[in-house]
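So the structure is just underneath, and the comments pick up after that.
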Amino acid sequence: MHAPFSVSPLIRPDVLGPEPITATLLHADRVVLGTERGTLLVFDLSRASSSSAPPSATLVNRHDGFSKKPIEQLGVVKELNALVCLSGGDLTLHSFPDLAVLSTFASQTRGTASLFALSTQVHHPASSSSDAPGIPEIHTTLALACKRRLLLLSWVDGTWNPQLEVSLPHQVRGMAFDARRLVCGFSTGEYGVVTLPSLDDDSATKAQPVLGDLFSLPLALPERPSRTSVPGLGGLSGLGNVVSLGALGALSKKLEKNGVVAVPRASRKGKLPQRSASGEPDKLDVEKAWLWGKEWGWEDEDEAAEGEVFVVRENIALPLLSSGKSRSPPQPGLPAPSITYPSSVDESLVVPPYVVSLLSPSAASPASSGSPSLAVHTLDSLAQVQVLAVPPSSASPPVSLAASSLAALDKNAASKPATVARLLTVSSSTRKPPLLVLTASSVAPGAPMSTPGSVEQTLWIATMQPWPAQLEELGEEGKWEEGIRLLRGSFDVMSESLPPPLSRRLAILHSLNLFETHRYDLAIDAFISLDLNPARVVALYPRAISGKLFLEHSAHEEAFGGRPQHRVAAAIEAEEERQREEEERRRVEREQEAQAKGSPAPSSPSKRVKGPVAAAAAAADDDDAASIRTVGSRLGVKRSWLRERDASATLDEIAEQAAKEQERQAKVDARNRSRAVDELIRYLTDRRQKYSQALAALLPSSRPSASSARPTASPSELLDLPNDPLTKLEPAQLARVAQVVDTALFRAYLATKPAMVGPLCRIENWCEVAEVEGLLLEARKYRELLDLYNGKNMHVKSVELLKQMSEDEDDPEEKVGPTVRYLQKLGADHLEVILDASTWVFEQDKEAGLQIFIADLEEVETLPRHAVMAHLDKVGRDVCSRYLEHIIDVLDEQGADFHEKLIELYLAEVQSSASGRDETAYKKLLDLLESSTSYRPERVLGRLPTEDMHEVRAILLGRLGRHEGALQIYVYQLEDHATAEQYCKRVWDSDEAMRPTIFHLLLRLYLRPRPDHPLLFAPALSLLSTQAARIDPIEAFDLLPPLVALGDIRVYLEKTLRRRNERASEAKMVKAIGRSLLDQQEREVVDLEERRVKITEGRV
């Protein structure tokens, strides 16, 4: 254990002098000592400038003859600033510090007073207004024991109250207050409780104090320790028959000591966290409130609940409720908790959270041989913490119980003069130590200035180590939670807050303890309040949940600010070794008992029991719940059935019991795991909401993206993220936190709620895909994995997964359909993925593959067409042709490259047919050449064969403006006069500059043919008849042969003359209309000129 106290000399013998000290008092910065001759010594206590150096005291006043008789007890009424002095059986009050007599109670005590006890309470009376609290009142009560009378003196805010008196059946040997109860220990060994009137009683006739029935306490009476033996410390083992202390009093007639020690209590109002309007605790108070809040696993402490006192008799100290009942044992069936000392107790004090007792010298004492000692126990568990020799046996105090015990057993220690310690005093002005201990020892013969019977007196001060030092010392042993319980029991924390870093560190370690004790809901609430790094929380769970963040149980404490892993592992190994040694010791004891009875010694079940027993041991070592169950629980499960079994049980019975224990523990572990994961999901959901808010608050330029690729973080990097609010993290750190949260949430959902995985995959998430894709594949959640890949832009993996899924499909549509639909939605940003994946689709189904590029979807229409065309050209000519037809005919693509590529593909298809020209492709080519204006005809013309495709050549020549060459092909090579005439019509409609000559050009080809062609008179006459209005008659007559029958050109002539007359009539009409408009405008001008306007001043 740790060493909370250290002892150092405060006032040395040369200052105290030889006059015996009989009373001590420590108040504020004053040490007041009373002597056997009635002298009062006042010392000034100066605090040390550093915590490592002890305080010192300086004599400031000496009052000889302060009392005519020995001073027996000193106290202070702080509200009156008065010194209380009990001397010669009388009580007096003196002003402090000038020590003038304020009042004396000699007439009431009549020299019979033996001891007094003080109590001060702050009372808040009820107010007439329910909203306004009452004015607090300070109530001081002084109980004075006078043989078989009890005088009760009281003050309210310094105002004297009427004196009360209670008759007692026996003399009081010890008494102590607990609120409005006074517990008295009588000379007969019995106890009684005096109940004082309630402070809320404001009636005219107040109730009187009442002494309840006397009672005795059943205790095991230990044998008196021998002067030469050294028995073990603590516990009640090896004790005799159980009798009452009352019976002990009857045997020894009157008891000189029957001490009752007060246990100070402090109100903890104001220490609990303040709640906001939303019901959440204020974040600023979290580091202060974790010691008290119910949400941190602490039980609500009722301020009105009865307190405790300690009764001390001989070498036993027993905690007693102020109602007279013993403290409840930790487990049913065990005796009431108590402290058994190795020697008789001279005095005891309770300095929360410790019980400090001054033990008389004894060879059995673990302190130095022949010297008194201070024994320190914890107030809650009564466990021994420290033993200090008074005076110390060395310059430095023992660092631990083991060290002090070894010093006590040193048989080579030099003999010292007998030392007596008494007057253990705690400060009356503050609840915090130091303590004062007075020792007196006879002067060794031959010492300088020694006289026969002379005594040296030394006043020692016992100071408590600062709480940070105590907590660190306990933490080195892994007893953080024990240190926190001690801290809660102290009064230091009520007035002085711990340093914020230490307070936060303890809060984090306490939250870890909540988790390891299966209080998962409280632990998760604590993790949220402390803004812990989510990676450290996730690391507490099994590998199936935590993944790469998994930490062995021995590393949990280090991750939460405790001991390094190697020290925790060494402690666990030592505990397991201790358990093995304990089991071996019990086995040896059983064998010895069996040999003593003459029966065969039973073998250790752990060595010879097979089957279910071995299975139980193996199950206890199963690491599946290693992060959920503590080491202690695992060790307990492995051996509990061995410890509790019947010694006469058969192997089958042992095996059956082990199997039942295994099954029971498996159910408990399953429930714990389920609760732990459910609470983790709640925690991760909360963190997800918080990091989303933190990300939304960032500037868009600095905000990370969930789908962006980032380097994989190592576990140490994630575990080293700061324990800060998410809004204070850097963007990169915030992204890592989001990655931890979502990855763990995926794993948790997969373990407990698989139906929730799908929605999480479909929304934006920061999951680390490498951590969960294997689990999704194992669970055959392909759709969810596809959504996850898609959200992370991991489309290559998506395509590979779709290919893998297609292997299980027999239907061709179902084989490639999902891949096609997936690729159609990717868009231009992922063109490379689309092109690569489409190759496999085309191998399976060309029609389905083509749908990737021609579907009526916005993502498909925006794909880069040049790249798609180049890719499809590699896939196949027919596929590329269909794609180009789609973008030209449906999407109205006007790019020359696409039109020329399609013309090239048509030409290749027409020329590649071994059985002749492909008429379908040829017709498509002609239609495209005639309808499209986006190709370059000269380039296409250069690719045509010289002896074929005359229609194509004619169209291309026409596009080049070489109309005569095009008409020559129609007239001479194709002999298609209708097509030639249609060609001229198209040129007439589209090219205004060619209107006067285009039909004349065709007529000239008919009537002035090449030498190798005959005259085409009939087509020429037909052209003159149908296109008479578009052919100039003068030029036509020049081309006609000299001898032409009038009947052949009659229609032409009629149309020509009719057209000429129409033009003349039209010109006359236009001229007449123009003249009419001119006359109208002249009349309007005359009308305007004839108008007269008179301008006056009023119209200006």
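Glycine too: its Cβ is placed from the backbone N, Cα and C atoms.
Here is what TrEMBL records for this protein:
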- 18-403: domain 'CNH' (DOMAIN)
- 575-612: region 'Disordered' (REGION)
- 577-594: compositional bias 'Basic and acidic residues' (COMPBIAS)
- 595-606: compositional bias 'Low complexity' (COMPBIAS)
- 702-724: region 'Disordered' (REGION)
- 702-716: compositional bias 'Low complexity' (COMPBIAS)
- 853-1011: repeat 'CHCR' (REPEAT)
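Within the compositional bias 'Basic and acidic residues' (577-594), the DSSP-based counts of helix, strand and coil residues read 18 helix, 0 strand, 0 coil. Among residues of the same chain six or more beyond the region 'Disordered' (702-724), those with a C-beta under 8 A of the stretch's C-beta atoms are 508, 530-533, 535-536, 539, 548-549, 551, 559, 695, 731-740, 764-766, 768, 770, 791-793.
The average pLDDT computed for the domain 'CNH' (18-403) is 79. As a summary of secondary structure, the region 'Disordered' (702-724) carries 5 helix, 0 strand, 18 coil according to DSSP.
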